[in-house]
């Protein structure tokens, strides 16, 4: 979607906050642990290239979801190691070698498909993915891991790492987490040669299970100042939210009692009211279920009245304000704050989704 810089709606990204969060997390993990920054999905909506450039001296490498995200970083001049976390198409192997990416290997079938097509694997670097209980991708049996490692090494592949991903590291109960950890450790113990890099720590594990860190961590949600558990667990130390979403009033009017707002006429004023229009809607990632949620104007909570439209919302103001008055949807305004987690709670979702859904139509500004 094409960015719309000629309207007041924008996402502000505090790059210094991201760097401080990395340093804060780094101070609470074992010395010498490698720090990999997860910048997939456009850095969780924060802007992959801008974020990666800002933090490249603070991390040891980057993690992305797919080959295209990795190419974007290389073409922007980023030279640090890049691990592609998802399963790549067979055709991506040549690109991985050309751009010096590290691929994830998650099954014997993928390896066999490469061998059947006689793909030259010499010089390729990979990490083996273990499905210890997440249930998405990865090896589940130690025998398959051993077979994969042997096959890859026989064909000139450097098996640099092995990793898993915890499903419940951000929850109160540790039972399933511990079961996953034991499955992963069992596979490691069965290997004739454990790869150089062993990593199982996503943001939640890095925050709440420091004792289980191997020799690398993958910093994702928390790096951007978000609590991976939402409101379930308190952060063990302070992190700074890096993202602010703001817009401005573009139309202000006084309406009489009985006036209706929005599609379906779902809101009817019960008295004379001041109603303002803000140019943001579900096409920007501000979803339809945000009706009745309050945004901030002049440090005051102002409810969204009527349904969220594709491009606009209407809000009820306590008084008349001039056009151009700032509206904060995520972030601080006066002495009040709206967090991505509060938005997520209202939507019955997670803060990851809230920031990832902010569309490319909204320009990102960095400071």
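The backbone N, Cα and C atoms fix where each Cβ goes, and this holds for glycine too.
A simple way to gauge crowding: the CB of residue 40 (active site, proton acceptor) has 19 other CB atoms within 10 angstroms, across all the protein chains here. Marked as active site, proton acceptor by Swiss-Prot on the basis of sequence analysis: 40 (among others).
Sequence-distant neighbours of residue 263 (active site, proton acceptor): residues of the same chain at least 6 apart with a C-beta under 8 Å from its C-beta are 306, 307, 309. The secondary structure of residue 263 (active site, proton acceptor), as reduced to three states from DSSP, is helical. Residues annotated as active site, proton acceptor in Swiss-Prot: 263 (among others).
Reduced to three states, the DSSP call for residue 136 (substrate binding site) is coil. In the shown protein chains, 11 other C-beta atoms lie within 10 A of the C-beta of residue 136 (substrate binding site). Summarising the annotation, Swiss-Prot assigns substrate binding site to 136, 310.
Following the DSSP three-state reduction, the secondary structure of residue 40 (active site, proton acceptor) is helix. Per Swiss-Prot, N6-(pyridoxal phosphate)lysine is recorded for 40, and the stated evidence type is sequence analysis.
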Take the C-alpha atoms of residue 310 (substrate binding site) and residue 40 (active site, proton acceptor) and report the distance between them in angstrom, rounded.
-> 26
Taking only the Cα atoms, work out how far residue 40 (active site, proton acceptor) lies from residue 136 (substrate binding site), in Å, as a whole number.
-> 17
Among all the protein chains here, how many other CB atoms are within 10 A of the CB of residue 310 (substrate binding site)?
-> 10
